[in-house]
Amino acid sequence: MTKFGFLRLSYEKQDTLLKLLILSMAAVLSFSTRLFAVLRFESVIHEFDPYFNYRTTRFLAEEGFYKFHNWFDDRAWYPLGRIIGGTIYPGLMITSAAIYHVLHFFHITIDIRNVCVFLAPLFSSFTTIVTYHLTKELKDAGAGLLAAAMIAVVPGYISRSVAGSYDNEGIAIFCMLLTYYMWIKAVKTGSICWAAKCALAYFYMVSSWGGYVFLINLIPLHVLVLMLTGRFSHRIYVAYCTVYCLGTILSMQISFVGFQPVLSSEHMAAFGVFGLCQIHAFVDYLRSKLNPQQFEVLFRSVISLVGFVLLTVGALLMLTGKISPWTGRFYSLLDPSYAKNNIPIIASVSEHQPTTWSSYYFDLQLLVFMFPVGLYYCFSNLSDARIFIIMYGVTSMYFSAVMVRLMLVLAPVMCILSGIGVSQVLSTYMKNLDISRPDKKSKKQQDSTYPIKNEVASGMILVMAFFLITYTFHSTWVTSEAYSSPSIVLSARGGDGSRIIFDDFREAYYWLRHNTPEDAKVMSWWDYGYQITAMANRTILVDNNTWNNTHISRVGQAMASTEEKAYEIMRELDVSYVLVIFGGLTGYSSDDINKFLWMVRIGGSTDTGKHIKENDYYTPTGEFRVDREGSPVLLNCLMYKMCYYRFGQVYTEAKRPPGFDRVRNAEIGNKDFELDVLEEAYTTEHWLVRIYKVKDLDNRGLSRT
């Protein structure tokens, strides 16, 4: 044996080693491509919701699970407060705390914040591995490797899993695909073991994200379609009954879920299909014992009776309130106009808006075109598993169109079906590729019916390689430029191309933390509640949980009212400071003026705010303007005055008058005014955050001080 004889592996071992190497590279790529934000800025938590998750995780790591589960947070929703343990999905926090304690057990010292920052990239690597195994079950290892490489860099998934994006979706997509993989294994084998593993994966999913409802409706739908197509078998019966029974019992252990799996409308489809499975099994048993004529009579009688009983019982339970109706968010998925017409608090969230056509190309690129190819392959070679992935693809496509947030659910199946499609195209043309030299081929060896077969195959393979390369470059660019900027720290390009950093948010929160009393109550719009509580450690009135529409409406009424009426509301709520976000100086478009109409709509959606009419804030021609042509109601409301106080003296651009708003591209209409019930406490360097102190009540005969 030569010195390098150990490298002489069998074909099977070389194949396994190559697969392992490619999959490992995809997992490493998945982790590393999500680190742009850390390299460009620092290890920092992004967005809004992740700050609440970080705060609760830190409490869990320091105080333990018992105190965490029974934690009453008096810093949120003043004066109501919030019970934390029973109002969250704890999977994310428990996962981070477990990793933190395991690392410390091995004397690897790491701050809990860094665990939170890097958790989503870590789980994206796990997602890559699960995607490989799932796609392999649907076609082969080649398709699995392609799908794994695609999901490693797909922008639709990266948008919620970059370093610092510490949200439920960071681990939920892994849980979802793991549940699907276990389900397909259970369906293929009919094994109770695989079905039990599927139920455990489903339990992890339930503990992590409210999107578990999609799973518990998709799996029963799959079973129902298998029944209708005559594919139902003992394997499906064992798999579904085990998953449903065990999964339902486990899911009910999550406090936030409780008895919903047996009481809410969202879970009734799963229960109904479970009942159908029992009826189907009973019918099969009767068919084996009766002759065809007897069976036909009995079957029709039983089906009619059972259907009538189920409809009657279901209607009675719905009417008596024993089965709760669908929630607003789920109604919005079935009727996209529902939230806009009935629940403005849901419609006001940007991620609940319908998806634009451009978003599909931006977040998926090549996958948009290869998805139908994979779908066609699955339809052409139907199996129980491929029927499931077809249903997953079609349903997630619809839901992603209704709500842009659900692009996250669509991205994995786009990668899976595109991986299958690309693999099938490459396999087809690879067979036609002849790598032998043309001058050595005899005329007999050449196919007279297809003389340019080799050239066509080579061209198609080169075209596919080109598209895959452009997909990689596009995904990397989108990740770097669009999805790697933490909202807590903003950046822009200067005239010379240099990067300018705006750190006003943290500047304002630290000012609040060090310059206000510990018991100070801060009023702001609900978007910033989690950040204020986590970074400023001050009590807030409303936050991103949005569980009490009446309380949020009261804040909206204060923002939309005149100073005098707003002062009454602020005294009622015991407000000490008011915080607003203003982008007129820097050009930051996601400020409170641009969100103001949602405050008006939500403020006027309750009985106490019936006097607030959205039309009052428009001009007679129906425009929302902040200049002299703007509505007098708008120009004199509290939000307008807090944002534009002293702004009329500021020059924002050359050759523009003072008080020129760079977001609205207009000179403000109300410049010369003073505040009666508030006093300016702090304005950040770039005027992005403005904080006002609420004046005390008048002394008799004296003005407010």
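From the backbone N, Cα and C atoms, a Cβ is placed for every residue, glycine too.
Remember, it's a predicted structure, so these values are computed and weren't measured experimentally.
Features as listed in Swiss-Prot:
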TOPO_DOM  1-17  topological domain 'Cytoplasmic'
TRANSMEM  18-38  transmembrane segment
TOPO_DOM  39-119  topological domain 'Lumenal'
SITE      Asp49  site 'Interacts with target acceptor peptide in protein substrate'
TRANSMEM  120-138  transmembrane segment
TRANSMEM  141-158  transmembrane segment
TOPO_DOM  159-169  topological domain 'Lumenal'
SITE      Arg160  site 'Important for catalytic activity'
TRANSMEM  170-189  transmembrane segment
TRANSMEM  192-206  transmembrane segment
TOPO_DOM  207-211  topological domain 'Lumenal'
TRANSMEM  212-228  transmembrane segment
TOPO_DOM  229-233  topological domain 'Cytoplasmic'
TOPO_DOM  260-267  topological domain 'Lumenal'
TRANSMEM  268-287  transmembrane segment
TOPO_DOM  288-300  topological domain 'Cytoplasmic'
TRANSMEM  301-321  transmembrane segment
TOPO_DOM  322-356  topological domain 'Lumenal'
SITE      Glu351  site 'Interacts with target acceptor peptide in protein substrate'
TRANSMEM  357-379  transmembrane segment
TOPO_DOM  380-385  topological domain 'Cytoplasmic'
TRANSMEM  386-402  transmembrane segment
TOPO_DOM  403-406  topological domain 'Lumenal'
BINDING   Arg405, Tyr530  dolichyl diphosphooligosaccharide binding site
TRANSMEM  407-428  transmembrane segment
TOPO_DOM  429-453  topological domain 'Cytoplasmic'
TRANSMEM  454-473  transmembrane segment
TOPO_DOM  474-705  topological domain 'Lumenal'
MOTIF     525-529  motif 'WWDYG motif'
CARBOHYD  Asn537  N-linked glycosylation site
CARBOHYD  Asn544  N-linked glycosylation site
CARBOHYD  Asn548  N-linked glycosylation site
SITE      Lys595  site 'Interacts with target acceptor peptide in protein substrate'
Within 10 angstroms of Glu351 (site 'Interacts with target acceptor peptide in protein substrate'), Cα basis - recorded positions out of Arg160, Arg405, Asn544:
Arg405
Among the glycosylation sites listed here (Asn537, Asn544, Asn548), which has the Cα closest to the Cα of Asp49 (site 'Interacts with target acceptor peptide in protein substrate')?
Asn544
Residues near Asn537 (N-linked glycosylation site) in space but at least six apart in sequence (CB under 8 A):
Arg75, Arg513, Glu518
Nearest recorded site to Arg405 (dolichyl diphosphooligosaccharide binding site) by CA-CA distance, among recorded positions Arg160, Asn544, Asn548, Lys595:
Arg160
Cα separation, Asn544 (N-linked glycosylation site) to Tyr530 (dolichyl diphosphooligosaccharide binding site) (Å, whole number):
6
Here are some recorded positions: Arg160, Arg405, Lys595. Which one has the most Cβ atoms within 10 Å of its Cβ?
Arg160
Counting only pairs at least 6 apart in sequence, do the transmembrane segment (407-428) and the transmembrane segment (120-138) share 3+ Cβ pairs under 8 Å?
yes
By Cβ count within 10 Å, point out the most packed of the recorded sites listed: Asp49, Glu351.
Asp49
Between 120-138, 170-189, 268-287, who has the most Cβ pairs under 8 Å to the transmembrane segment (386-402)?
170-189
Paired segments the transmembrane segment (212-228) and the transmembrane segment (170-189) in contact, 3+ CB pairs under 8 A:
yes
What does the DSSP secondary structure composition of the topological domain 'Lumenal' (260-267) look like, as residue counts for helix, strand and coil?
7 helix, 1 strand, 0 coil
